[in-house]
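Annotated in TrEMBL:
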- R10, Y17, E29, E77, E86, Y87, H88, K95, D96: ATP binding site (BINDING)
- R10, 14-19, 23-26, 31-35, 48-51, R56, E70, S99: substrate binding site (BINDING)
- E29, E77: divalent metal cation binding site (BINDING)
- 57-80: transmembrane segment (TRANSMEM)
- E70: active site, proton acceptor (ACT_SITE)
- 101-121: transmembrane segment (TRANSMEM)
Amino acid sequence: MANNTTGFTRIIKAAGYSWKGFRAVWTHEAAFRQESLAVLLGVIIACWLDVDAITRVLLIGSVLLIMIVEILNSAIEAVVDRIGSEYHELSGRAKDMGSAAVLLSIFVALMTRGILLWSHFR
């Protein structure tokens, strides 16, 4: 299934596929919806604080990282589920690793925000 689309048309089609991905993760993943609320709050706080641009980018980027990793984890889970519903050690391992990546991204965001906010308010 070759895709011969090039130029601006390819960019438009790629954006459409990305939008489908956002809709899919929003529709099928409760964790993504829950984390979206936390990210929205984090972005609002980052925009409200009187901080320099670099700090603001780090505050926002650290919470967006959670969303990126959650989308990748959801993609891993979808592919594993597509293969079959019976338990297999490798399938379980793949899902657990994806979940661990999400947890690490949450730790990174909390650590980043904690350090930046501590520096700002001390």
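Note that Cβ sites are derived from N, Cα and C of the backbone, with glycine treated the same way.
Mapped onto this structure are the features recorded in TrEMBL.
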residue : record                             : DSSP class
R10     : ATP binding site                   : helix
G16     : substrate binding site             : helix
V25     : substrate binding site             : helix
E35     : substrate binding site             : helix
D50     : substrate binding site             : coil
E77     : divalent metal cation binding site : helix
E86     : ATP binding site                   : coil
Please report the Cα separation of D96 (ATP binding site) and E77 (divalent metal cation binding site) in Å, rounded to an integer.
10
Counting other Cβ atoms within 10 Å of each residue's Cβ, which of the binding-site residues E29, E70, E77, E86 comes out lowest?
E86
Look at each of the binding-site residues, E35, D50, D96, and point out the one with the fewest other Cβ atoms around it within 10 Å.
D50
What is the maximum Cα to Cα distance, in Å and rounded to a whole number, among the residues R10, Y17, E29, E77, E86, Y87, H88, K95, D96 annotated as binding ATP?
39
Cβ-based isolation winner (fewest other Cβ atoms within 10 Å) among the binding-site residues W19, F32:
W19
Given the binding-site residues R10, E86, H88, tell me which ones have a C-alpha lying within 10 Å of the C-alpha of E70 (substrate binding site).
none
Nearest recorded site to E86 (ATP binding site) by CA-CA distance, among binding-site residues G16, W19, E35:
E35
Which number gives the other C-beta atoms within 10 angstroms of the C-beta of V25 (substrate binding site), all protein chains shown included?
21
Take the Cβ of H88 (ATP binding site) and count every other Cβ within 10 Å, whichever protein chain it belongs to.
11
